[in-house]
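A.B. asks: Take a look at the following structure, please.
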Amino acid sequence: MSKAAVLGAGSWGTAFAKVLADAGTDVTMWARRAEVAESIVSRHENADYLPGIALPPSLTATDDARAALDGADIVVLAVPSQSLRDNLQVWSPMIPEDATLLSLAKGIETGTLMRMSQVIIQVTGADPGRVAVLSGPNLAREIAIGQPAATVVACTDSTRALELQKASATGYFRPYTNSDVIGCEIGGACKNVIALACGMASGIGLGENTIASIITRGLAEIIRLGVALGAKPATLAGLAGVGDLVATCTSPLSRNRSFGERLGQGGSIESAQAATHGQVAEGVKSCSSVRALAASYDVEMPLTDAVHRVCHEGVVVQDAIGQLLGRRTKPE
């Protein structure tokens, strides 16, 4: 039996820990706050992030990272993208030497413009073959209640990818393996930005034609950037690209879409944050780093640029849309 440490007890970290436990994997979660760990252990519920969801009795938790990591052969990194580096610097000396490191974080690091796998490799010194990412249409609450979903486990080491697949396959969660780590990470990072755009459009009362257009042109941006970085277009046409994009752009469970709706309705970043339980959507932070990464590769991403300008330069949503529609016409 595999032993997994899930570092991070937010909604997705908790849901994926449940998946692992349901698949027969021995799982210990690390929670930053002792009361969250205590709730998981004693009440089998993470009331802060997945209220009302019963967690398996076999799933344990602690606020001691060293205890969680002890003997783990799978280390799941389930903290937000912009805090991954700081956390890893603390955890790295405790991580077992040959453990597979699986990133659930979706984003591009601000400043360095690194993908999450690159951050992991740089901080831990791990061989790239030990680092994997998981990405797909995986809204935490739907998975936590056992609704069927699929995902992609990407790793350049096919043996480790298969081990992760086995450790997380259940009757409701179907992981596919892939070797295209770059494609999975770019799809996961960029979809949050496009979901913000969809939310903004919905927030000002625009309809399905607009949303469909944003999703489709957003996918074109994602593919352009992914290919420039070495991703395979087929990856971005799959679960880690189109699948994740559609789920995040259309579901009311999507924090990024909900955050964008608040902005479209005229709310500030602060009021949108308050409406999403105090959490800033990943796309708000990632839009600037994705934009900068695209610029460094001379890749045009007008939707991403528009989201950045709304979130960080004070541009009104209606004006951003007008500027997009006023661009020079060209072939698809």
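Note that Cβ sites are derived from N, Cα and C of the backbone, with glycine treated the same way.
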A.B. asks: In Swiss-Prot, the residues Lys106, Gly136, Asp244, Ser254, Arg255, Asn256 are said to bind sn-glycerol 3-phosphate. Which of Lys18, Lys191, Lys330 is said to bind at that same site?
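C.D. replies: Matched candidate out of Lys18, Lys191, Lys330, per Swiss-Prot for sn-glycerol 3-phosphate with Lys106, Gly136, Asp244, Ser254, Arg255, Asn256: Lys191.
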A.B. asks: Going by Cα-Cα distance, which of the binding-site residues (Arg32, Lys106, Glu282) sits nearest to Ser254 (sn-glycerol 3-phosphate binding site)?
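C.D. replies: For Ser254 (sn-glycerol 3-phosphate binding site), the spatially nearest of the binding-site residues is Glu282.
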A.B. asks: So among the recorded positions Arg32, Lys106, Lys191, Arg255, who's got the most Cβ atoms within 10 Å?
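C.D. replies: When each Cβ's neighbours within 10 Å are tallied, Lys191 tops the list.
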A.B. asks: Spatially speaking, which of the recorded positions Gly136, Lys191, Asp244, Asn256 is closest to Arg32 (NADPH binding site)? Use C-alpha to C-alpha, please.
C.D. replies: Asn256
A.B. asks: Among Ser11, Trp12, Arg32, Arg33, Lys106, Ala140, Arg255, Val280, Glu282, listed as contacts of NADPH, what is the widest Cα spread in Å, to the nearest whole number?
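C.D. replies: 22 Å is the greatest Cα spacing among the residues binding NADPH.
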